Amino acid sequence: MSHSTIKVDDFIERLFKIHKHVQDEGLAQSVFLGINRSDYMFDFSEDGTTSLKQIEINTIAASFGGLSSRTPAVHQHVLKTLGKTEEASKILPNNPSHGIARGIAKAWELYGSEKAVVMFLVETTQRNIFDHRYIENELWDRNIRVIRRRLRDVLERGSLNADKALIVDGYEVAVAYFRTGYMPQDYEDKDWEARLLMERSKAVKCPDVATQLVGTKKVQQELSRPLTLEKFLLDRREATARIRETFAGLYTLDIGEEGDKTVEIAIANPDQFVLKPQREGGGNNIYGEEIKEVLEKVKDSIERTSFILMDKIRPRPLKNCLLKAGGQIQISECISELGMFGVYVRQGKQVVMNEGVGHLLRTKATEHEDGGVAAGVAVLDNPYLV
């Protein structure tokens, strides 16, 4: 993580301080659980070739694993009622909630206490609750108790015992699964104490703070540098090359010659890029002329290091019909984004589980540059194989 990014981004700085605190104190956690979603779009280049390019990787609260487990049945039903049974059979089966729950259950099992619970960390008002429920119900079916708590509840009624077990409302917590905590507005000032308390415990955090930091745009940009991936995938040249092919151009805005050059090219050609802050949750990116305005303002200050610049991916629009709550059905020019869910579990240095568990397709009308399903812009969809 770049020191300049930490300096100018209070949210990243607070996460990093917790990480440092736990490193200095000594890690109590020995089982690690990752529930990630890597998002891609098809890029159509001028010579007519297409390639899958990574938009970002989500390492905290990666959503829609539950609801996307049900969308195949919705589209199959619609096609069957239209008498299109053959087309219905081409909708891919998809059940990320099963794989996600399997990962949580494995981490719970390795924690090693049958009485311990899985705690979902949630917001006070949870708009996406049904997405959680699919995963919750899979856990109840495995006889694993689930509790739902806010960061504030952990602060007020949580503690660590002598073994650094996390106790909340009398329950020992085996897995703390974050479905909140990825944006500054998720925390009131005191809530940071709850985050530190959990991080110091031996409970399996999904994610732990280090994994959350790995999901930042700055780390994504640093990983795209020549010979960086190779440090992590030793002697795996083919795998490294395949991963690198999915990277769009990513450019640093750190202070110095390289960052100055990035500012220059972005101001000269704003339509070719996206300016991204270190934020999750959609609706944060900056496009077009606004890139120029923002960079003109911050180009000579350290503020610019809170962003990275990325090549704009150019998907080919297709006509589609979007159905939204209370909205008119209309045919729109649409683009789609494909998310691939991955789950890994490790105990100490041993990887116990590491697999893809399903996909998510989100589609939106081309008039919306940014924003996803939660922002009311995109809808859940299914890939149709031809």
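Note: Cβ is positioned from N, Cα and C throughout, glycine not excepted.
What TrEMBL says about this protein:
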BINDING   Arg37, 60-63, 126-128, 179-182, Arg362, 373-374  substrate binding site
BINDING   Glu56, Lys217, 276-285, Tyr287, 310-313, Glu337, Lys364, Asp370  ATP binding site
BINDING   Glu56, Asn58, Glu280  Mg(2+) binding site
DOMAIN    116-214  domain 'Glutathione synthase substrate-binding'
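Checking the binding-site residues (Asn58, Ser63, Arg179, Arg362, Ala374) against Glu280 (ATP binding site) with a 10 Å Cα-Cα cut-off leaves Asn58. Neighbour counts were taken at the CB atom with a 10 A radius for the binding-site residues Gly181, Pro277; the maximum falls on Gly181. Sorted by the number of other CB atoms within 10 A, the binding-site residues Arg37, Lys312, Lys364 start with Lys312, the lowest. With respect to their backbone Cα atoms, Ser63 (substrate binding site) and Glu56 (ATP binding site) stand 14 Å from each other. Its Cβ placed at the centre, Glu56 (ATP binding site) has 18 other Cβ atoms within 10 Å. Spacing of Pro277 (ATP binding site) relative to Arg127 (substrate binding site) is 24 Å (Cα to Cα, whole number). Checking each of the binding-site residues (Arg37, Arg179, Gly181, Arg362, Ala374) against Glu56 (ATP binding site), the C-alpha distance stays within 10 Å for Arg37. Of all the binding-site residues listed (Ala61, Ala374), Ala61 sits in the most crowded Cβ setting, with the most other Cβ atoms within 10 Å. Annotated pair Gly181 (substrate binding site) and Lys312 (ATP binding site), C-alpha to C-alpha distance, rounded: 28 Å.
Comparing the Cα of Ala61 (substrate binding site) with the Cα of every entry in Tyr287, Lys312, Lys364, these being the binding-site residues, the smallest distance points to Lys364. Per-residue pLDDT, averaged over the domain 'Glutathione synthase substrate-binding' (116-214), rounds to 97.
Sorted by the number of other CB atoms within 10 A, the binding-site residues Arg127, Arg179, Arg362 start with Arg127, the lowest. Residues within less than 8 Å, Cβ to Cβ, of Asn58 (Mg(2+) binding site) and separated from it by at least 6 positions along the same chain comprise Asn36, Arg37, Ser38, Asp39, Gly215, Glu280, Gly339.
Fewest other C-beta atoms within 10 Å: among the binding-site residues Ser63, Glu280, Tyr287, that description fits Tyr287.
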